[in-house]
Each structure stands twice: as structure tokens, then as C-alpha cells.
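Q: Feature table excerpt (TrEMBL):
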BINDING   GLY112, THR113, PHE142, ASP227, GLU228, ILE229, GLN230, THR285  pyridoxal 5'-phosphate binding site
BINDING   ARG145, SER284  N(2)-acetyl-L-ornithine binding site
MOD_RES   LYS256  N6-(pyridoxal phosphate)lysine
Amino acid sequence: MNTNGRPAGDDLAKRFETAFMPTYGVPPVALARGEGARVWDADGGEYLDLIGGIAVSSLGHAHPALVEAVSRQVAVLAHTSNLFINEPAVLLAERLIGLLGVPARVFLTNSGTEANEAALKMALKYGRSTGRTYVVAAENAFHGRTLGALSLTGKRAIRDQFGPFPTDVRFVPYGDADALRDAVTAECAAVFLEPTQGEAGVVPPPAGYFRAARRICDATGALLVADEIQSAIGRTGHWFAHQHEGILPDVLTLAKGLGGGMPIGACVGVGPAGTIFAKGDHGSTFGGNPVSAAAALAVLDTIDADGLLEHVQTVGAQLAGGIAAIGHPLLAGVRGRGLWLAIVLTADRAAQVQAAAQRAGFLVNAVQPGAVRLAPPLVITPGQAAAFVAALPAILDEAAE
Ligand SMILES: *Cc1c(COP(=O)(O)O)cnc(C)c1O
């Protein structure tokens, strides 16, 4: 409560609505603090966080390793710009290359969309030097909101009013290897694909799709760009989702879970793709910021030290299995992998499920009209996952009414 007796969250909602551009609509909850997978709103209400700031808060909230790394670094050196070397950024780039296990080069950014901007500029430069004039992306793909990334985003509602775009982007149905083969010719510079489409509703492709994409790109010389912004850093139980198919992309983009809540992204060029950019081709004042880099190192160290990849596989299977075992007329099934799932509904009631879950103390995300996304912190406990599974039938009852 505020001193005027009104709930603090209500006040914040009004001020939010007045002060911000109306890009988001007013969010239903004002979060004030968190601990592990639990969060509290501005009025003290407690929730289990099953969305993790959109697959970002890998270590949950207020994780001691993240607090320590960020506090230590900000007290020593908060910023250098790209005019000077900072060691956390170098360590992070080396760490990412080590996780891939192959020669690669890294460009650090502040967000996902910037990582994709870098990848697209690399594709354009590569295309210019090899006579390749277009790129291929997937229908319903989400690659970001800045103009380059938006040109790759295959959702008409969010792109059409900002076009036409300077890059020739050709869209193919996601998961259809034959359509991809037809679209990718020797004039194609790059293929941008998510290993599983996140914003489209956690939609995995058929098994073998990424292997087929790899073969198609190898045959034509197009770069395979894996947008792993939502799928990497343990989300699916592997460091990177492309590892499920045993292939390597030429370029990979990262962000969301990498910083555990601190803004950081990366564009990684594997092998020759690591040196497409030459001096002066790209830059960022904040990219590779030492505080964000220290946070990312703490995330990677903790995933390693605490065995979180195995934990994600176990708790993810428990969560998916528990949901799948619920018989309910509104529940069509569950899809996804690791701690990245969609509860698929038999009707367009995702908004109602999100609202009912919130009233029951669980934060979930109505990612599509008929699909509810779960992307909890990787540290969510089996008990917390079980509590959600136990509460879900009543949430679905309420949402179905
Ligand atoms: C979130 C997301 C982006 C954009 O990241 P921002 O940090 O919001 O710019 C791009 N691609 C994918 C797959 C994403 O999930």
C-alpha cells in the first residue's frame, strides 16, 4: 500500500501508462524484488516466476554469484568503451569460444537485436564479395525490433508498417526442409533460423531440420546463422540448442539468458565467418561492457559448477511430463525441451490462463492466443515445478469458464 491507501501496483500502473509510449500495454504486475525463482510484487504478493523475464533470468533473482560479480566489477571499473581492453570481456569471448569448441571470433553487444544486426551486416558483406543478393528467413520467426533484425522477422503484424526494407529477405515455412532447399540458391548470402521458434510459441522444427539446413548451406555456400538468443545458455539442457542436432552454424547470436538479467548479447562467427568483419566495419560503445561481461561469466561459471544443464534436463522433463499427464478439455499438450515449454491449448484462452495463473501465484506468458510459454529460471527446484503442475488443473478450469 502507498500512504494514500491505494495498492502501490495500481499507482505504478497509472504512472506507467502516462509516462511511457504505449508500445506494451500496461503490464499486469509491478515486480519489486525476487529470490531464486520467486518474485514479489509492489504490494508484497508472492509469485513463482515461470517466465524468468522472457528466458533471461537464468540464475533466478538475486543469485549470490551474480550479485557478487556485478558488485565487484562495478566497484572497480564500470565501463571502458571499445577504445580500451577490459579483461572480463576478453574472458567472456574466450569462454564462449571454449563452449563451442572450435575456432571462432566474438562481437559483444547489449541486446539480442543488436547481435542479429551484426550477423546481418556480416551476411551482407559476405554477399557483396561473393555475388549473393538475398537472405532467407522463416515465416513467424522473431529476430528483433531494430530495422535490420525486423526485416528478418517473419511476422507481418510487426514488420509490414515499417517496410519496405533495404535487404531482400525471402521467407520460407519453418521446419520445411524442401522449401528451404528450393529457396537457397548460389545467390543466397545467409539463412537465419531459430533452433526452436520462441516468440511463435516455442515451436520446435521436425528432427533433422537443422542438419538439412546445414547441408543446404554447405551445398550453396550460404552462411547458416542460428539465432540462439532465446534457446542457448542451458535453456534446453545444452549450452546451445543447435547441439541437439550435432551441427555447427557459421554464425550464432546470443543474448537473453547470457547475462542472467544484465544486458549483453553476442554475435559469434565460427571459423572463416569470424573474420568477415574487418577493422572499422562495426562497433558499439557499450558492447562488451565489463559489468555485463562479469555477469555473463558468473552465469556460465554457475551453470557449470552447479550442474545446471543436467538439472534443466531433469526438471524440464518433470515439468513437461507432469503437464502432459493432466487430462483437461482446455489442454491439447505440451511442446518444447528443457525448461522452455509451451502449454498448448485447445482454444484461444492463453490470456485467461495467464491471468488465472497470476491469481494463483504463478507468472506465465501468453505467448500466442492458444499457447502459454514457460521459461523459468534454470535454478527452479523440482518442488516448485511440482507446485505449478499441481495448481494447473484449477488454473485451466478458471481459464475455461
Ligand atoms: C528476444 C529475441 C530477440 C531480440 O532480442 P532483444 O534483446 O529483445 O533485442 C531476437 N531473437 C530471438 C530468437 C529472441 O527470442
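Cβ from N, Cα, C; glycine included.
Here the structure is a predicted model, which means the values were calculated and not measured.
Show me how these features fit into the structure around them.
A: Long-range neighbours of GLN230 (pyridoxal 5'-phosphate binding site) (same chain, six or more residues apart, CB within less than 8 Å of its CB): ILE54, ALA55, GLY112, GLU194, GLY198, GLU199, LYS256, GLY257, TRP340, ALA375. Secondary structure at GLN230 (pyridoxal 5'-phosphate binding site), as computed by DSSP, is coil.
Taking a C-beta cut-off of under 8 angstroms and a sequence separation of 6 or more, ARG145 (N(2)-acetyl-L-ornithine binding site) has the following same-chain neighbours: THR113, THR153, ILE158. Secondary structure at ARG145 (N(2)-acetyl-L-ornithine binding site), as computed by DSSP, is coil.
Over all protein chains present, the Cβ of LYS256 (N6-(pyridoxal phosphate)lysine) has 28 other Cβ atoms lying within 10 Å.
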Q: Sorry to bug you, but what's the C-alpha spacing from SER284 (N(2)-acetyl-L-ornithine binding site) to ILE229 (pyridoxal 5'-phosphate binding site), rounded to the closest Å?
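A: Answer for this pair: 18 Å between alpha carbons.
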Q: Can you list which of the binding-site residues GLU228, SER284, THR285 have their Cβ under 6 Å from some atom of ligand 1?
A: none
Q: In angstrom units, rounded to an integer, how far apart are the Cα atoms of GLU228 (pyridoxal 5'-phosphate binding site) and SER284 (N(2)-acetyl-L-ornithine binding site)?
A: 20
Q: With a 10 Å radius around each C-beta, find which of these binding-site residues (THR113, SER284, THR285) has the fewest other C-beta atoms nearby.
A: THR285
